[in-house]
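Visitor: Take a look at the following structure, please.
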């Protein structure tokens, strides 16, 4: 055996693979092992390789192979196996049972078997598509100092789902005691990446877990597939159909077949049952329907790419009595401004009375007023000017007219600013409810209905948020006997439209379509929206140890880069309601006018009371004069 040349080949292979740790399973004699190790200690490449020798002779049981011989913390560990040894068959079978022909181990299987003999040996082994296995056939050349090593790439698209062993020649190396050279390529593998050469899964049938919530599972598989394949009524099971169409694109890219496993929920608990449970227990290879990446699920699954967005909201129209506000006409100015404005008007009223008094006493008779107005009359003139009212009394003096000019100028400025603020506030947007959080909603008196979705029920059962517990206690437990607590999306949206104050909880990707169908543009702007649960992303999941992880990730990234994903998402998923309030006239409702009418009624009552007091006082005063002449 040409051990020096073999050591040089192994070292060169490790350098090309960027690996610094190797375990060598062999059946050499002690002096041969020493010779091989000495060549490793004085390598032709300036690198340090950690190596460990395992003598296969005398090993009777290869159980717990990975734990006993391959414990490491490196990204990849190289493993050399001498196929000519008698114990090789048992070792390779145990590696197949433990499923360690994967990307974490760089296998070098060295022997002189023909490709057909190697195929018969490895054909029954569980080798994965991400396997890094090389079969190396050595052949001593004529000069006896150089050895040719033909390297073959070995992988399987999936033994348990119909895949066949693939052995493809890669290249040939020629090694002498000093150096190794690549002499020729045996195929075109070097032109593409590892997964570029393995992207065609033509011989396997992938098992895909799919959720269907809007059709009974008693239907045949063909009927369910036909439903998921339809492109109309995008609001019905939109998330499941969105994921299904992405999976069909993946199928076309991989040129494979798929067997769909249908379920009516994502999971019964976090990782048990449903489509998620099928991937966890490895009865499915992939989830077509995106799901949440929770902490519990990530112990068993890997999220390979974002393929969705989850948003549940509570919508309701503002109740008619919720917008009644007594201070709507006082809002343009703060209390301090109102006090100062009233003080200025009072001061001007006093100045006007002084002006009229001086004019009556000091001016010439022809310029005098017929009578001296009272202080109350001048106050009335001042406050009337603030309301853009004229006056029948006009000062004759220049000073008095300057006071009038200042009064009307101040009133004009204040009035225009006041009316602009009031009108803009009344005509800008309708009254919105003050309910902005789930806690406020739970503490309100509003009636609640929910869309009967599996993940909504699961969230109510497993959420640890205190506001959700309060919501369940106040809104759910009190309606356990109410058959209308759980309503389909269409009925729930219609009830929101017809009953202001009714709250409906639904998933936006499907529910928004009904809102856009049954609500006018103005009614959409009137809606209040409260986030039912934190917004979360949906991911396509594989099992944590899936051998298809990297291949599927690359294919999904390709779908994302080409814009196909964005096109599908915009078609299937509705994430936002569009309010175009500037395109229509908003009517001012009673919620704004009622405070004004209330103030007018109160003023009328006050006037009547004052009138009655004045009449009573006059009557009393008249009687008093009659009895005391």
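Using N, Cα and C of the backbone, Cβ positions are placed for all residues, glycine too.
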Visitor: Among 375-395, 438-458, 459-479, find the range that Swiss-Prot records as transmembrane segment.
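Guide: Residues 375-395 are the ones Swiss-Prot records as transmembrane segment.
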Visitor: Could you tell me whether Swiss-Prot assigns residue 512 and residue 616 to the same side of the membrane?
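Guide: That fails: Swiss-Prot puts them on different sides.
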Visitor: Quick test of your reading of Swiss-Prot: among 572-592, 593-613, where does it put transmembrane segment?
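Guide: In Swiss-Prot, residues 593-613 carry the label transmembrane segment.
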Visitor: Going by Swiss-Prot, point out which residue in 61, 545 is annotated as N-linked glycosylation site.
Guide: 61
Visitor: Using DSSP with the three-state reduction, classify residue 166 (N-linked glycosylation site) as helix, strand or coil.
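Guide: The three-state answer is strand.
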Visitor: Would you kindly give the Cα-Cα distance separating residue 232 (N-linked glycosylation site) and residue 166 (N-linked glycosylation site), rounded to the nearest Å?
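Guide: The Cα atom of residue 166 (N-linked glycosylation site) is 42 Å away from the Cα atom of residue 232 (N-linked glycosylation site).
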Visitor: Out of 112, 232, which of the glycosylation sites is least crowded by other Cβ atoms within 10 Å?
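Guide: With the glycosylation sites 112, 232, fewest surrounding Cβ atoms within 10 Å: 232.
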Visitor: List only the single closest residue to residue 61 (N-linked glycosylation site), chosen from the glycosylation sites 112, 126, 232 by CA-CA distance.
Guide: 126
Visitor: Relative to the Cβ position of residue 166 (N-linked glycosylation site), how many further Cβ atoms are located within 10 Å?
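Guide: Cβ-Cβ neighbours of residue 166 (N-linked glycosylation site) within 10 Å number 18.
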Visitor: At the Cα level, what's the spacing in Å between residue 126 (N-linked glycosylation site) and residue 112 (N-linked glycosylation site), rounded?
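Guide: Residue 112 (N-linked glycosylation site) has its Cα 22 Å from the Cα of residue 126 (N-linked glycosylation site).
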